[in-house]
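*Asks:* First, the structure itself, so that you have it in front of you.
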Ligand SMILES: Cc1cc2nc3c(=O)[nH]c(=O)nc-3n(C[C@H](O)[C@H](O)[C@H](O)COP(=O)(O)OP(=O)(O)OC[C@H]3O[C@@H](n4cnc5c(N)ncnc54)[C@H](O)[C@@H]3O)c2cc1C
C-alpha cells in the first residue's frame, strides 16, 4: 500500500485539533496513513501516542522555530518534505482556512490535482482515488478522480464519521527550513472567546439556529437556552450575524458553515435559499416561524407556525419534564 | 500602487442552481449568472484604497466564457480602471488547478503590487484558488481576512481561523483573500456606468499567456447525480400545544 499523508493541525498551544481523527481515517481508507505535523523543535514527541491511537502508522514530525510565527509556510514545508521522503499517492488535509491554503500551495507546487471540500474518499477497482463531493447545498453528489501522481484532498470538517484502527507508529523527525519571504507573518494570536461548554458548530450532532426573528442580541439568548436543553451547538442566519446578535463564526449557510447534524432547529429564520444550502442535508429539520409561508417550512420535517417567544420556552419546559 | 482583483461570475444564488448530470458541468441555461458577491467585496477593498490614494490603479481579472465579460463591466462601473478577460474554448470545465495557473499567468503579464480575491466562491466553495495563485507567483498569502489594512509597502489584516483569530501581515507584493466581513460593496452610479463603457477590457487567449501546453484538467469528474429534493413534513399552527407535540415528535425520533 502506498503512503497517504494526513496534515495534522495543532492549536497555538500545540494541542492536536479535532480534525485529526477524520483526516487519519480518510488517509487509512486510501493507503498507509502517515500523520504529518509541523511543530516547534522538541514539541512533536508528545503527540505521537495520541496520533497512533487515531490510527497513524507513521508520524512525520517537521520541526521549525518558525512554527507559530509564519502562516502556512511551515505546514507546506512539512508536506513537501514528507512527500520527498515517502512518495505518497495522496495528501489529505482539513478544509479549514489554514490547511486548505497549505493544500492549494502544495498542489500548485507539485502540479497535482486537488479535490476540494470532499465528504468522503474511496478507491476504485484499479486503485484510483475518488473524492465524493456534496454540491449546491447537498442537491448533487459528484464523484471525481485525479489524474496526477498525487491526489490532494481537502476534507469537509465533520463529514466523515469513520475512525482508523489504533496503531503503534514509527516516528521520523526532520528539521525544516521555511522560506520566510513567501509566508505571511503571524503578528498576534487572539484566543477564542471563553469556552461555553457547548459543542462546536462544525460536526455537531444537534444545531439550534436563530435568525432575524429573534429581534435582538438579548433575545438571542433563547436560542442558546434551547441549544443547551438539547445539548446542541448554536448557529445563526446571516441576517442575525449582520445584526450583531452573535459572532460571525456561527453563520450557517452558503457563505458560512455547512452543517449536517442529526437535528437542525431553525428559530425565526425565513429559510432563504442561501441559508438552506448550509443545512438542508440535516437528518431532521424543525422550524418555528410566525410566517406560514416562510420557505423554511418547505424543507422542515416538523414545522410550527407560531411565535418563538411563546413556543420555545414551552418547548424547553417540555424537554425538561421529559428528562426528569 | 497597482491592485489586481480576481472577479468570478457564478450562478445567481437567488435561483436554484443546476448541474448537467450527463457532463457534470454547470447548467448555464438554468439561471442568471452574476458577479460573485464575495469578489465584489474584494473589489470594494481595492476601491477604498484607491479612494484614499489617488495614484492607485485597480485592474479586474477574470477567466470564464464570453458572458463573464458582464461581471467585468459591472466591476468597471463600480470604479475599477481596466479589465482583463481570459477566454478560451479549451478552458471549458477547467478545474481549480488550471484556473489558478491561468489567473497567475495573466496576473504576471498584467503586473501588480497586490492581488485581492474573495475567500471562497459561492459555487465551488473550495477556497483554494487564492493559495494556488499565490504559489504560482511566489507570493505570501493572507487568507480569509475579516479586516484589511493596506499601506504602500505592506498589507495586514485579521484572519479568523477555526480556533481564535490571527493578525497577519506581509510585505508587498502579496496576495490576500477577504471574507464577507471585510467590506460592503458599493453600487455602481450613473457616472460609473457611463464611464465603464469607455474603459478598456483586454481579452486574452491561452496562447497570449503562454499556457498552451498546460491547458488540461487534472481532476476529471466521474459521476454526477441529483439527490431527491427534501419534502415538507408536518406543519401545525400553534394553539398552545405545539411545543408539547414537538417534544413528542423529537422523543419518538430519539432526538431528546
Ligand atoms: C451571496 C449571498 C450569500 C449568503 N449567504 C448566507 C449564509 O451563508 N447564511 C444565511 O443564513 N444567509 C445567507 N445569505 C442571506 C440570505 O439571503 C437571507 O437574507 C438570510 O438568510 C435571512 O436571514 P433570516 O432568515 O434570519 O432573516 P429574515 O429573512 O428576515 O427572516 C426572519 C424570519 O423570522 C420570522 N419571525 C420574526 N419574528 C418572529 C417571531 N417572534 N417568532 C417566529 N418567527 C419570527 C419572520 O417571519 C421571518 O421569516 C446570503 C445572501 C447572499 C446574497
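Cβ atoms are placed via backbone N, Cα and C, with glycine included.
Note that the coordinates shown come from a computational prediction; the quantities given were computed from them, not determined experimentally.
Below are the features I grabbed from TrEMBL:
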BINDING   A:212, A:237-238, A:251-255, A:268-275, A:289  FAD binding site
DOMAIN    A:4-189  domain 'Electron transfer flavoprotein alpha/beta-subunit N-terminal'
*Asks:* Specify the count of other C-beta atoms within 10 Å of the C-beta of residue A:275 (FAD binding site).
*Replies:* 27
*Asks:* When each of the binding-site residues A:212, A:251, A:269, A:275 is checked against chain B, which show a C-beta distance below 8 angstroms?
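*Replies:* Near chain B, no listed binding-site residues qualify.
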*Asks:* Give me the count of other Cβ atoms within 10 A of the Cβ belonging to residue A:272 (FAD binding site).
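*Replies:* 19, counting other Cβ atoms within 10 Å of residue A:272 (FAD binding site).
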